[in-house]
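These features come from TrEMBL:
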- B:78-289: domain 'ABC transmembrane type-1' (DOMAIN)
- B:21-48: transmembrane segment (TRANSMEM)
- B:82-103: transmembrane segment (TRANSMEM)
- B:115-133: transmembrane segment (TRANSMEM)
- B:164-187: transmembrane segment (TRANSMEM)
- B:208-227: transmembrane segment (TRANSMEM)
- B:275-294: transmembrane segment (TRANSMEM)
Amino acid sequence: MREMSRRNVLKFAAVAGLTGTAAACSGVGGGSGGGGSGGTDAGGSATLRYAWWGNNVRQENYTNALNQFMEDHSEITVETEFAEYTAFQERMTTQMAARNVPDLFWVPSAQVMTYYANDMFHDLDGLETLDLSDYDADDIDGLRLDGVHNTMALGIFVPVVRYNETMAQADGATLPEGADWTWDGFTEFAIDYAANNPNGNWAVNYGPDHDLTLEAWLRQRGEELWTGDGQIGFTADGIASWLDFWENLRKNGAAPSLSEQDGVGADWALIGERVLTYLGNSNHIIDDAQFFPEATFKLRTMPVAADATPGHPYLYTPRLAIFGGIDEANLEAAGTLLNFSVNNTDTLRITGLTMGAPVNPRVAAEVAEFASPDEQQMLDAVAHDRALERNPRFEAPAGSSTWRTILTRVSEQVALEQSTTIDAATAMIAELQSAIDRAS
Amino acid sequence: MATATAPTRRKSRLNRQGRAAHVFMLPWLVGLVGITALPTLASLYLAFTDYNVLSSPEFIGTANFERMLTDDRFWQSVRVTLTYVLVSVPLQLAFALLLALILDRGMRGLTFYRSAFYLPSLLGSSVAVAVLWRELFGHSGLVNSALALVGIEGSSWLQNPQTALGTLVILNVWTFGSPMVIFLAGLRQIPEELYESARVDGASVLRQFGSITVPLLTPIIFFNLILQTIGAFQAFTQAHVVSGGSGGPVDSTLFYTLYIYQQGFTAFDMGYASALAWVLLVFIGVMTAGHFLLSKYWVFYGD
């Protein structure tokens, strides 16, 4: 062998080792920062950065809407920052660390109080370019954090049972109705359907990790996700009963295994043609129905326990905020864009209603004129729950941002029979409480 | 006079070349200092703080390091990563050496094969390949479709904690091209006369491999071992994409780097994430030093 000297090998290895270990230390994340150039020039025009999440269809729709906004307001330029939901949050984390936050941004549900605690939201009271004249006072009050109005709602979601009407008709199945539309009634129907339908379909997805439906379950039991003072609002028994509900369905063949649906969070494209019902958000019908255009999907309200706590229904409102550290010279322009986002029917004509039913009652009435059949069902589902008596709900406290990840993990442990439901629920609460305590 | 000015000119030219070299190195130096060295030092400080990314760090001494001792997920990530390194690196190197030996025998289309085998090394840590892996090993993926042809009904390899990590090991082994090319270069350096002499003495192929190839290739094996081990400890993309960022199912693919990322970017616990990163740094440093210490017993240099 020709000279492969010890010195050369040492040099190579040392450089490789130094580079590698230094990279380990300097972090592994991606997080590309926004790098926008928001600001106001001497002529009074403004450049705003607008950040949101979603799929490629939503990206295209909102980009078109923002282009329309710039046509209508030639003095304002909007720079867009879009990402998939998880990547959006990670990028926001990086941007916030650098105080390089977009001027307007959608707020992920688990981060509302975390962002609020770190002054990410600008007070909207007195913002002249934001028109609140159509709103009920209760709707605005429902958005306040510690009494401060600092976010607007992009729309309203409610938890629902979505079902494939075409499949139900083909299989001769009829979902329980009226007084029989309880969790027990649903379970009995689901197990019977799965055992007897001729095509080997499942009755429902396996979905213990879904947040809105879990919240519906807990509130019917007199519990809640979070308390007003920023603590966990549920008990181990509450979570265990939820996991038991899903395990009963899975073990009896009414719901697929993790393998069959590719994880706890079901892959809709994979199982959509083989499940009769799906527990999820009201707004998801708009995108999910597109996967199977030959089928007709319908929405049902959540099953209700016979002894459900009065006032258990609730509305979930995804939020949009103006950055707390925005250049004050841009604030009025940001208000104009905020107004365009939440109070303009034509905006929703471009974007569609994937972010739920409008909170603004005037806009909600106007969009009904052009809503697609799937969107109309979503509007009806929200209108139904909106008319019911509702107890207050509270946002996830600072430190709880990983609660859904924890829920997914304990759901996996239960579904893979590595843990009992009560042990999994207890472990979830312990881990979550530690995280909240650390953040407080 | 002439003898006095020649060295001066040469010195002047060398100075100019030196300055030019420094100018060309400047972008790299700026990157090294600004993107690697300073963040590394900053993370050392942050490792001793409670830092949630959004507000100022607060010094808490060694609390982050003490927390690791009772953090079950930390230990799980250590177990997963060590398993991955200990299984995938030897397999990858063995496979790379085997292919290099085959290619070294000389065959038609050698350049094509070398390029084809090297290609996975370029793609292996990419998001696209990780997504492909999901499709291959999913419930209705290609692997199960192939098994179905012989009457075996498989379940999702990625949703089973017993097999999920194995799929990532296979992915790493599949990227054998880089060490293979280095092995191939090393094999080409071994003098043919040694084999001829061995053959004259009646040595079998196996004996030639054990007594000539392996000993003379040990510096290359050592070099590949160091590189691939460090790379395996830092594996991230594959686990992130294949598990959807969770490290699941039930933390069976929770690589150490993925845990660092989760703590820093989703749990807003950058102080703890920094401490974890420094533990990894020190561990890799110690392990590499150990490799060097042990190398004197089994690595044979030409000098």
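Placed from the backbone N, Cα and C atoms, the Cβ positions cover glycine too.
Contact counts against the transmembrane segment (B:164-187), taken as Cβ pairs under 8 Å, peak for B:82-103 among the stretches B:82-103, B:208-227, B:275-294.
Of the recorded ranges B:21-48, B:82-103, B:115-133, B:208-227, the transmembrane segment (B:275-294) has the largest number of C-beta contacts under 8 angstroms with B:21-48. Away from its own ends, the transmembrane segment (B:208-227) comes close to residues 89, 93, 96-97, 101, 179, 182-183, 185-187, 189-190, 194-195, 198-199, 288, 291, 295, 298-302 of its chain (Cβ-Cβ under 8 Å, at least six residues beyond either end).
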